[in-house]
Amino acid sequence: MSAIDTLPPLREVIASHQLSARKSLGQNFLLDLNLTAKIARQAGDLSECDVLEIGPGPGGLTRGLLAEGARRVLAIEKDARCLPALAEIAAAYSGRLEVINGDALEIDPLAHMTPPIRIAANLPYNVGTELLVRWLTPRDWPPFWQSLTLMFQREVAERIVAKPGSKAYGRLALLAQWRAEARIVMSLPPEAFTPPPKVSSAVVHLTALPEPRFPADAAILSRVVAAAFNQRRKMLRAALKGQAPDIEDRLLAAGIKPTERAEQVPLEAFCALARELAR
């Protein structure tokens, strides 16, 4: 009998520990272990990796990651109600699961992990985008992680893989595709979750590139892209006027028409503009 078979069904775990998903924490529990195993497999061979999981809840994906052979899992959970359920998993997989009760935005996972590291998570909806941007914009590259396998609302997932000219194209697409290969690998309907959210979800897999696609300073690129898309319907000469007094000249030097809008500009041109603004 494998370790996962010694654990009670997740619905029993939720009932015995009186767990209910809290909207304030962005929680939706995924209880189908066939689905959590499928998500874990999207992260690839984990046998020689430490895996970081954010917001494990009662531990559905945690079980999947361990059953699929993760060398070790570090799970960061803000909701103390979930800790007893996670402790049961830790007992079944002795030495392979460490649980930290805290806020993922405030904890340095590297103090608890050994490379190589991958990240796999059904991210809490209220912090998922902020965490992704952090993981994509460290000053030094390559990052501490090899790959990200992350569940988002379908709309957010589509923004990560969007192309220029589309309504979904924006800051997330540019930052993700600058430093990673990004693709949607799974879709999940609302009824897969407890409680069912109002929208569908999708799993995005991002693999870190050895080098960014085009040279640019991460902080400058992130700032410029944020400014451009905060006013995406404005011409860039207006949206970016706070970035430099001679912004029209900088745009032209980067090969961008000042009258273009952000959604029309490809990644390579934004990187060229970031380099111009760094001079």
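From the backbone N, Cα and C atoms, a Cβ is placed for every residue, glycine too.
Summarising the environment of Glu77 (S-adenosyl-L-methionine binding site), the number of other Cβ atoms within 10 Å of its Cβ, over all protein chains shown, is 26. Summarising the annotation, Swiss-Prot assigns S-adenosyl-L-methionine binding site to Asn28, Leu30, Gly55, Glu77, Asp103, Asn122.
Long-range Cβ contacts of Leu30 (S-adenosyl-L-methionine binding site) within its own chain (separation 6+, distance under 8 Å): Thr36, Ile39, Gly57, Gly60, Leu61, Asn122, Met151, Leu188, Ala192, Phe193, Thr194.
DSSP assigns Gly55 (S-adenosyl-L-methionine binding site) to coil, not to a helix or a strand.
Neighbour counts of Cβ atoms within 10 Å were compared across the binding-site residues Asn28, Asn122; the minimum falls on Asn28. Ranking the binding-site residues Gly55, Asp103 by other CB atoms within 10 A of the CB puts Asp103 at the bottom.
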